[in-house]
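K.L.:
The structure follows.
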């Protein structure tokens, strides 16, 4: 009797191996069938291609690229939101300029009818090659975006802005009519339709969004973004951009210091922050970003208000040092090369550029109108 029990124990592993082989055979058959029906790449084991990685595009500010884990991801939905005049459009135009530098094609859906071609040109955008649309309705705007994405000929599309995507029913209706949830429904339907194609074609779609205040909120963050909840879910990256301080020379204002919080990031660690200068009429100060990182990485030494590079004293005050480096392009390039070499060698992102989000960062609700 004891021998029979022992025999059954020995037979059990063999039966388990047979079941496992049968399961693997069935799995192989179904994977082959799915690939035959839907094409190669429709389904795969994650370990089959260890080289799968998200390709990124520079944002125009190297400090923000570090906070994003390399830059703005291609083939993803990105939302940039913030108060008025915080730098949303400037950041989007810099992204367009960076893509055009590599030979990419860009489109700008100007729902606000407020794009300034002269300013875009100053930021480095090739306005002659920029594809622009000024749609009459929200449905028209999203249909144009869908067709551009499906063409697989566009590298980046900027929609400025979600708040200006007015549904057709609202435009054709009377001024006092209530249209509850129309815009949220429009965004939900459109994003369901275009998201799959965005991933297949590698097109980056950037939505610019505005902030609203929720009435009657006693606790928590009263701010909300427009367009419902769909964009929050479909976006791989959400950037909250705010003015941190005004840059002045004497009494004259010449720019803004802005702070960007990576509220959501599906392709790199979230909750990082980046700061950079936006100069009026010139855009993002790339030299300012390099100087800030050089100080953090101890390539440039700062003692009090004085800056030194090696044995050379650069000057007193950040503005004076930036002016000096603008005149001395060779020295500025030398510092930039050292900064980029440190980043490429895997140097940690400076602690000043990484921080936990402020309370309420990810509590932005969404209005349904």
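Note that Cβ sites are derived from N, Cα and C of the backbone, with glycine treated the same way.
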K.L.:
Which is it, of 330-349, 350-369, that Swiss-Prot names as region 'Disordered'?
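P.N.:
Among 330-349, 350-369, the range Swiss-Prot annotates as region 'Disordered' is 350-369.
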K.L.:
Enter the number of other CB atoms within 10 angstroms of the CB of residue 85 (ATP binding site).
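P.N.:
A count of 11.
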K.L.:
Relative to the mean position of the Cβ atoms of 82, 83, 84, 85, 86, 87, 88, 89, the recorded ATP site, which additional same-chain residues have Cβ within 8 Å?
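P.N.:
So the additional residues around the site are 241, 243.
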K.L.:
Measure the Cβ-based neighbour count of residue 82 (ATP binding site), defined as the other Cβ atoms within 10 Å of its Cβ.
P.N.:
24
K.L.:
Might you list, by sequence position, any residue in that chain lying six or more from residue 88 (ATP binding site) with a Cβ less than 8 Å away from its Cβ?
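P.N.:
80, 81, 82, 160, 161, 208, 209, 241 - these are the non-local Cβ neighbours of residue 88 (ATP binding site), listed in sequence order.
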